Amino acid sequence: MGTLSHAITPKLALPGHDFSSSSSYYGLTFPSYLNSRFQGSNSTTRLAKKIRVSAESAKHRPAIDFSDPDWKSKFQNDFETRFNIPHITDVFDDAVSIPSTFCLRMRTPVSEEFARGYPSDEEWHGYINKNDRVLLKVIRYSSPTSAGAECIDPDCTWVEQWVHRAGPREKIYFRPEEVKAAIVTCGGLCPGLNDVIRQIVITLEIYGVKKIVGIPFGYRGFSAKELNEMPLSRKVVQNIHLSGGSLLGVSRGGPSISEIVDSMEERGINMLFVLGGNGTHAGANAIHIECRTRRMKVAVVGVPKTIDNDILLMDKTFGFDTAVEEAQRAINSAYIEAHSAYHGVGIVKLMGRSSGFIAMHAALSSGQIDICLIPEVPFNLHGPHGVLRHLKYLIETKGSAVVCVAEGAGQDFLQKTNAKDASGNVVFGDIGVHIQQEIKKAFKAISVPVDVKYIDPTYMIRACRANASDGILCTVLGQNAVHGAFAGYSGITVGICNTHYVYLPIPEVISYPRLVDPNSRMWHRCLTSTGQPDFI
Ligand SMILES: Nc1ncnc2c1ncn2[C@@H]1O[C@H](COP(=O)(O)OP(=O)(O)O)[C@@H](O)[C@H]1O
Ligand SMILES: O=P(O)(O)OC[C@H]1O[C@](O)(COP(=O)(O)O)[C@@H](O)[C@@H]1O
Ligand SMILES: [Mg+2]
């Protein structure tokens with residue numbers, strides 16, 4: 001066996017092994033869709049290149065030499081280091097802890113267990129031990145060719161990957177009376193933002209924090225003189241989760257990191273809770289590093305907000321469930337329109353700049369989709385195996401069809417504008433409009449009548465309030481963010497892995513966007529459900 005010397009070389013040339021379904025670079029496990037078999041598509045190639053570039057940041061890590069009998073323990077040690085969560089004591093040796101002010105004994109002793117009073121601290125620990133860990137990967141793949149296999153070595157050896165368990169610690173590193181906590185929400189809207197804000201405020205108050213403020217309109221609020229910080233309390237946030245949006249407002253773009261940290265110093269903010277996606281977290285990590293450089297005793301904690309569900313390692317991010325549920329309305333309307341028309345075709349475009357999770361899950365849950373198109377899976381519109389040919393077949397056999405397309409899919413078919421939004425994200429062309437036009441043209445050319453209706457429910461979905469399951473997720477994440485800050489961690493984010501709640505170092509979750517693996521069971525299930533063929 002040789003040395004795996006490069007991060008995500010499309011084909012891993014490991015003698016004697018077919019390692020085409022997955023590749024790895026010292027703990028980053030890259031699934032099959034980054035391999036050469038999808039390089040026929042420009043969009044996928046570009047995506048793979050983008051990911052490759054992002055993953056370059058991992059290059060300083062030594063490659064794994066699988067011929068070393070100790071490679072596994074070395075890997076695990078390295079993993080432990082990578083997933084270590086930065087702590088205030090890393091910088092301030094003299095940082096002192098005090099017993100937590102977070103009260104775990106607020107309930108009435110009604111159960112028999114507590115009938116004779118509460119147990120003593122020694123007997124009843126409601127706190128998380130800082131050495132508690134959660135297993136990140138739970139499937140033991142016996143072969144790299146197993147669907148969705150994520151392997152570290154060519155033999156798919158079982159390697160335990162542990163991350164830090166989230167929750168309240170017995171010792172805290174901030175005195176509540178000395179805390180000024182700020183909350184900021186950045187990027188686009190997402191259901192659940194208000195739920196998280198609310199829960200952070202409520203939990204801070206339980207610790208005893210009096211000074212809590214909201215920074216208006218994302219990072220922009222740190223520099224815009226006309227924008228005042230918003231005082232927050234349980235009273236202010238009590239009912240905000242009943243509506244969508246963000247109480248604080250959101251924005252893209254904004255000031256530089258040093259301006260943000262200057263502003264934090266001026267305002268005396270020593271706990272910052274940052275709600276946002278990849279970009280926001282990159283900013284949060286940079287703020288954390290700048291605070292350390294300036295030797296400011298500050299905790300910066302992220303809560304991943306991405307309706308696209310494109311943050312690495314997490315089961316899901318808040319708002320995603322609500323988005324999938326809300327997308328059903330649009331899909332059902334498109335279905336009814338298509339089935340009520342003579343030769344009707346309904347098209348629904350759903351969010352997903354680089355990841356097709358919403359489209360895939362919405363297709364799976366609705367059962368009304370005939371064709372699901374996502375950025376990770378290349379497709380042709382024209383030609384013998386193209387989408388249009390299949391639509392003709394569906395019209396001939398079923399009389400109607402419904403297409404669900406993720407916004408980032410098929411961007412190669414559209415005119416490039418090089419336009420970028422204030423955060424530097426590329427502004428996409430409208431793939432839904434393009435598909436609608438192409439369908440009309442193609443059917444006109446063969447003199448087959450077709451009635452195409454296109455629905456883009458993006459902003460209707462994003463503005464919704466969180467559903468019950470997202471409401472719970474937001475609550476737990478908001479609480480854990482506060483517990484993490486009080487425990488003295490900074491440069492971390494909160495998440496759910498294998499149904500357990502964890503703290504992760506920010507760089508590990510944003511090194512590239514999480515994508516749908518076309519070799520995963522979930523995508524296979526989606527294909528089984530829609531019955532669509534390969535469009536290549
Ligand atoms: N690499 C980065 N470093 C620092 N800040 C960033 C970075 N990328 C984006 N940001 C900032 O994060 C905020 C949100 O970014 P954006 O990409 O719009 O949304 P999201 O956080 O949902 O990805 C913006 O204010 C933007 O300026
Ligand atoms: O129109 P806007 O506000 O730029 O938002 C569009 C984008 O927002 C999203 O909903 C996700 O936004 P974030 O990256 O901020 O989470 C994408 O699906 C979409 O491309
Ligand atoms: Mg972004």
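Glycine is treated like the rest: Cβ placed from N, Cα and C.
Across all of the domain 'Phosphofructokinase' (181-483), the predicted model scores a mean pLDDT of 97. Taken from TrEMBL, the feature domain 'Phosphofructokinase' covers 181-483.
Taken from TrEMBL, the feature ATP binding site covers GLY188, ARG252, GLY253, GLY277, ASN278, GLY279, THR280. Long-range Cβ neighbours of THR280 (ATP binding site) (same chain, at least 6 residues apart, Cβ-Cβ under 8 Å): CYS186, GLY187, GLY218, TYR219, VAL274, GLY302, LYS305. In the three-state DSSP scheme, THR280 (ATP binding site) is classed as helix.
Residues annotated as Mg(2+) binding site in TrEMBL: ASN278. ASN278 (ATP binding site) is surrounded by 25 other CB atoms, counting those within 10 A of its CB over all protein chains shown.
According to TrEMBL, the feature site 'Important for substrate specificity' maps to GLY279.
If you look up TrEMBL, you'll see THR306, ILE307, ASP308, MET351, GLY352, ARG353, GLU407, TYR459, MET460, ILE461, ARG462 marked as substrate binding site. GLY352 (substrate binding site) carries neither a helix nor a strand DSSP state and counts as coil.
Counting only same-chain residues at least 6 apart in sequence, those with a Cβ under 8 Å from the Cβ of ASP308 (substrate binding site) are GLY277, PHE320, MET351, GLY352, ARG353, SER354, SER355, PHE357, ILE358, PRO513. For ASP308, the entry in TrEMBL reads active site, proton acceptor.
For the binding-site residues GLY188, GLY277, GLY352, the greatest number of Cβ atoms within 10 Å around a candidate Cβ is found at GLY352. The ATP site, placed at the center of the C-beta atoms of GLY188, ARG252, GLY253, GLY277, ASN278, GLY279, THR280, has further neighbours from the same chain whose C-beta lies within 8 angstroms: CYS186, GLY187, GLY276, SER423, ASN425. Contact annotation for binding-site residues (ARG252, MET460, ARG462) versus ligand 3: none, no CB falling under 6 Å from a ligand atom. Between GLY279 (ATP binding site) and MET460 (substrate binding site), the C-alpha separation comes to 23 Å. Filtering GLY253, GLU407, MET460 by Cβ distance to ligand 1 (under 6 A) retains the following binding-site residues: GLY253.
Here GLY188 (ATP binding site) is positioned 15 angstrom away from GLU407 (substrate binding site), judged by their C-alpha atoms.
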